[in-house]
Amino acid sequence: MLSIQNLNKTYPNGTKALNNVNLEIDKGMFGLLGPNGAGKSTLMRTIATLQIADSGTIDFNGIDVFNQPEELRKVLGYLPQDFGVYPKVSAEMMLNHIAKIKGIHSVNDRKAYVADLLNQVNLYQFRKRNLGDYSGGMRQRFGIAQALIGNPKLIIVDEPTAGLDPLERNRFHNLLSELGEDAVVILSTHIVDDVVNLCTNMAVFNDGGVVVQGHPQELTNSLNNRIFRKRIEKDDIERYQAEYTVLSTYLRSGNMNVNVFSDTHPEEGFEVVNNTLEDFYFYSINQPQTV
Amino acid sequence: MKEIFLFELKYRLRRPVTYIYIFLMFIIPLLLSVFADSATAQYTNSPNAIVGILGGMSVISLFFYAAIMGVAVYRDEEHKTAQTYFTFPITEKNYILGRFFGSFTIVTVMNIAAVIGAMIGFGIGAFLDRPDYGTYTSFNFTSYALPFIYLLTFNSFFIGSLFFCVMTFFKRMSILYLGGIVILILTSVSGQLLANLDTEWLSVYVDPFGETAHSFITKYWTVNELNTTQLALSGKFALNRLLWLGVSFLIFFFTLFKFSYKGFLMSSKKKSAKESKEAYVPAAFVPKVVQQFNSKARRENLLSLSKIEFLSIVKENAFAILIVLGIMVAAFATYQSNQTFGTPSLPLTRYMVTQISGGISLFSIIILVIYAGEAVHRTRQNKTFEFYDALPVSNSTLYLSKIIALIGVAVVLTLLNVVVGILYQTFNGYFNYELGMYLTYNFTTIFPSFLMTVLLAFFIHVLVNNKFLGHFMVILLYVGLPILSVLVLKTSNPLIILGGTPGSFLSDLNGFGHYLYGQFWLNLYWILLTCILATIGIVFWNRGFIASGKERLTIAKQRFSGKTLGMMLFFIVAFVSVGAYSYYNLKVLNQLENSNYSEKLNADAEKKYSKYIDKPHVQVIDLKAFVDIFPEDRRVAAKGEFKVVNNFEVPIDTLLLNVGFPIADTEITKVIYNGTELKPFLADDAYRMFIYQLPTSLQPEETASLVIETKATTHGFSSDTETAILTNGTFFRDAIFPSFHYERVLFDNGVRKKYGLEELDYLFPPRTDSTALKKNLFNEDGDYLHFEATVSTSKGQTAIAPGTLIKKWEENDRSYFQYKLEEKTDYFFSFVSADYAIKKDSWTAPSGKKVAIEIYHSPKHDRNLDYFIKGIKIALDYNSKNFLEYPHAVIRVIEFPAYANFAQSFATTIPYSEDFGFVADFSKADSYNYAFRITSHEVAHQWWGHIVTPSKTSGANIISETLAEYASLMTMKQEYGENGIKSFLKSSLDTYLSGRKFSFKPERSLMDVETGQYIWYEKGSMIMYDLQDAMGEDVVNRGLKNFLEEFKYNRKGFYPTSEDLYNAIYAVTPDSLKYKVDDGFKKIVLYENRVMDAKTKALDNGTWETTFTVNSKKIYYDNKGKEDTVDDKENLVDVGLFGEDVVNDDGVTIKNPLYFKLKWLKSGDNTFTIITDKKPLKAGIDPYNKLIDRNSDDNLKSVEE
């Protein structure tokens, strides 16, 4: 469905945001996992017609994104990471307006549709409030609503759950997975759990390029029995980092823990852990050259 | 604080835009001063001129000051850094001080840049060899330093603290705009107040920039004072500066002490909180989404997007506020400007449309530019674009919707003109709304300019992609381009001047005239040009994220195809076609040259033809003119049957014909001399000079017959208003026939020097030049001659030439009128034609002769006709009784269209502008009746000008103008009494004193005046009034009568000079007053009279004894305006004591003298002790301001008890 080939983008300040990106994405939820500054947002914007690349192509269902941006926009739902609103316009009015732009011209249909949408994102009660007076979470839900208008075939959501409380997050996840049934949904995030919960396919993205692509569970499994954990003293971190491939150091109940990757069982005190996608994620962004 | 200060400084210095501001602040004054010129005797770089350039920068830099000072604190709000910043250990005061002075340092750097710019600019100006730009004085650092301190620094401190304050407390960009606009309004209002004698005192307080205050104090300065006096913090200027400095400090300290972190962080927003409690009721079924992207859907999208964009503009508070301000300014400006000589005019629709739009247009353009910027940047500013730009709406729909919305706003603003005009008329009790004129004017003149503004501003904002810079670029184009075209290109070509259209005027007689046609094409031309730009704008429209200029170009290239390309080609083809058609009309069919061209043409002509100056030429003794006016085609054909004579002592063998008619295409079609048709041996078509060889020489005193046929034709549309021939209201002079001599036209010595012509000290020959004495001032082509004219015009119009109407008939669907003058006239006459109503009256001369009085007026103007008739009758009476009986059987006032404000007296015939009294509202006048006054002045010219004609020598024009002014003053005195002419004398004094600094030659005495209208009208009337006041009207009139008898109708064979007039008056003046005649005619004299102190005490018998001291000083000035000597002799001056002012029968407030006498005062203090019956309130010296005195306010002083 979505085919990205040899995509490159270098900013005038020399940052290479996209480095020969190749991706094939099919219907369903696709997670794009990567650290801050990896170039995820650049990729999202580029797919969403908001930015051009230096070279490469993006094709969606036969639509050449760079040459037919208009066509793509008709089937696109896009929720940017950071966006603003017209402060003095109500959510209902704004969504109505967007619905119209997205081609829903029958007045009655549109009204019912927008009301339904507002209900789905739990904003129906606040539909008449000006967007400028929305809290961060409400604004995010509004953003979700606008991205869903018009049953898009390609949905791009960039860090969508930022600022949502757990309840809303679940609600949103449900909504997304429903949509994923017959659309391409790209979920860009740095929250591993989102990907674990939702996605059937994923890619790890770092330094402007795809590090690895695959099924989350399979990717996780590829490291089975090779991830070890040890409770350590804070002062020893440096030593471990020098000796092992440390994936993460974290506190658990006030104690310092370290997860390391190793083909063989490391020193005394390490134990094999029930490894997760997070471990794989850390593993892949630490050693981009190995996979 | 130091850290904050340094941070602010570093922040600013890292921003490229700071350098752009500094550069602009440097380059603008540089360019202005390079191209500054002085047409007067003032140095081009005089201290006053430097004040003008640098003071003007305060207004321009308002924008930069706002950009720097306004955002210093606001930045912490905008970038949301306030929350963290304010937790750092800095006190609030230090934070404010650091931010303020950091920014203020940058602003000061900008001001220094402006000063350096002006220095370099004037330096370059002086270095270039351009004599026509005036003379330069040597560099003086003080001249720059003082305006830098008192104007630039004070003003930047004021603007800075104001914007710093409002942005700190309101945190809204719109407040910044509003603040700037309010300040601009104050500036323009203060300028308007200054223009009016009664309100000028107020302007000193209102003006925030000190420029108006400076104009106020320099109002009566002489050229010398302008050239040498440095800007000083004194008098009213100091008052203004300290007042606004005080205001600035108040604002500054208010900010400093009121600012608190908590207050700053507190959001002022209130929740719109329209929570609907109702739960969601699912619709019976949620409809299946049907997306439509057909063309109908696109149209609907365009419409709804435009609507949203439009509403988002007009619903904004700032929009409403701007409109209200615009309306207030327009109403104020209209109230101020819709008057002549202190008398309001009726609020006619033709005044309303121009004056109201004059006030509203500026605001409308500001609104359109601001909102064009908003429309471009709105989604970016609130970051909505991050998802909005990914919506399925095409670039062109998005782009077009914004333009449509702005055009909608332009329509609203255009209609606002109509509404405000009608309301203004209604409030003034005037109900003759001419809706057709309102709509036609506003949609043919105002709307196109708005449309252009919208497209241009939108394009620039798209291209520049930075709001502040975009606004600035638009302002630069709007202000810079006209300055560029006037100062540098010296052109009036409407194809080059942004938004230029051919000139036009509105008139009750002539309506819109023939001008709409040319305006249509030029408006179309400019709109098409901006359409091209707007189309270019589409390809540069910023959508999504664009990383670099290169990327922008890539996208632009990609978009530049298909429809956009087609549209662009269409606009280009249309633009080029319209441009070509306009060019053909303006330049091929008509003449369109810059001012350098005409300068050079005239200079070349002088080099070629100056040998003909003072050479013998034929002179007319009899003329039968046949003039056919075709108002609809705007053309004229004329035939003159001349009888010419050789009045010189040598034979004449050449005939020189110089066409001077204002219509460019004026041809001499036939010249027949004594029956032989002549062909020119020299034809200079550029200067329109044709020289013929006479078949036989014309011997001295021999006469010959000469027939000259000419025709003047207008073609298409021209950049010239071509007012000589109009559809309804044609008025032209004897220039329809060529003149027989060459006359110099370049008088500016700078220009003369530039072209290598000899510099002229005086324009006219001296009074001793016997050749010049034989020429009359008006036209040396004839002495007194017999005149007859047959004038034809379209049926329905009346054609008028000087003389009695002897026959009138119709032929070939045209009307013919034949006129004949009973008495000889100088070679000076007019032809007028329009559709007139005629009001008739008559006056009987003392001898019993009946003189018909006729007022030819527009049928719409029947309101003030009685004043004209009264003016005519009283002037005929006064001049006939005192000097000589009126020689003709008819006298006429004839209205001509409102392209100019004047009246001109030809024998029996006075063409009179329709704006000069016909539409005045004298019921609301608090000044003299100018219709009466001007009429009596023009009628007096029948004697002073036509019976006695001045010679062509220095100063002689006072015989015509000063005496007409005197006679008019005396008729006013007779009609309205002494008190009735107070306001007239006051404005005469003001006009004379403020005119002196504009003198482009040294200031001449009355006797030598050649160019200064303010001398021969205003100073002349002051002098003559004082003379008749001191020695008696009868005595003066006796002198004038002698003078008239001696020189009437050129009976001596030569014409009188100003010295002859002086002698005539001097002869009748008593010895003790002869000094006044000398002072008045031969000297430049200013008094400095004032009351020093005055005390009164009650005497036992109920009377009051007042002791008061007056100081009198009479100063002679040289012709540069420099003080020469102080008179040590005694002078006759009024002194008096006054009770409370009283209101006379006419409702006019007048003084109530308890004691009033002419006294001989010595120079210095003079003390008087006077006993009066009643208690005096005021003591005065020259209390009625009869003498010329620059400070007339200190002539009265309250009496202390």
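Glycine too: its Cβ is placed from the backbone N, Cα and C atoms.
Here's what TrEMBL has on this protein:
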TRANSMEM  B:20-43  transmembrane segment
TRANSMEM  B:49-74  transmembrane segment
TRANSMEM  B:95-128  transmembrane segment
TRANSMEM  B:148-170  transmembrane segment
TRANSMEM  B:175-195  transmembrane segment
TRANSMEM  B:242-261  transmembrane segment
TRANSMEM  B:317-335  transmembrane segment
TRANSMEM  B:355-373  transmembrane segment
TRANSMEM  B:403-427  transmembrane segment
TRANSMEM  B:439-461  transmembrane segment
TRANSMEM  B:468-489  transmembrane segment
TRANSMEM  B:565-584  transmembrane segment
DOMAIN    B:879-1068  domain 'Peptidase M1 membrane alanine aminopeptidase'
Next on the checklist: Tell me if the transmembrane segment (B:49-74) touches the transmembrane segment (B:148-170). I count contact as 3 or more CB pairs below 8 A, with pairs 6 or more residues apart.
Outcome noted: yes
Checklist outcome for this item: Within the same chain, the residues 6 or more beyond the ends of the transmembrane segment (B:242-261) and with Cβ under 8 Å of it are 82, 86, 92-93, 95-97, 100, 154, 157-158, 161-162, 164-165, 168-169, 205, 208, 210, 233
Item to check | When counting Cβ pairs under 8 Å to the transmembrane segment (B:49-74), the leader among B:355-373, B:439-461, B:468-489 | outcome: B:468-489
Checklist entry - Which stretch, B:20-43, B:95-128, B:403-427, tops the Cβ pairs under 8 Å count with the transmembrane segment (B:468-489)? => result B:20-43
Checklist entry - So which of B:20-43, B:175-195, B:355-373, B:403-427, B:565-584 is most in touch with the transmembrane segment (B:317-335), counting Cβ pairs under 8 Å? => result B:355-373
Item to check | Contact set, same chain, for the transmembrane segment (B:20-43): CB under 8 Å, 6 or more residues outside the stretch | outcome: 49-50, 53-54, 56-57, 60-61, 64, 67-68, 109-111, 113-118, 120-122, 124-125, 128, 132-137, 223, 226-227, 469, 472, 476, 483, 487-488, 748, 997-1002, 1120
Next on the checklist: Within the same chain, where does the transmembrane segment (B:565-584) have neighbours whose Cβ lies under 8 angstroms from its own Cβ atoms, ignoring anything closer than 6 residues to its ends? I mean 6 or more beyond.
Outcome noted: 494-495, 518, 521-522, 524-525, 528-529, 531-532, 535-536, 716
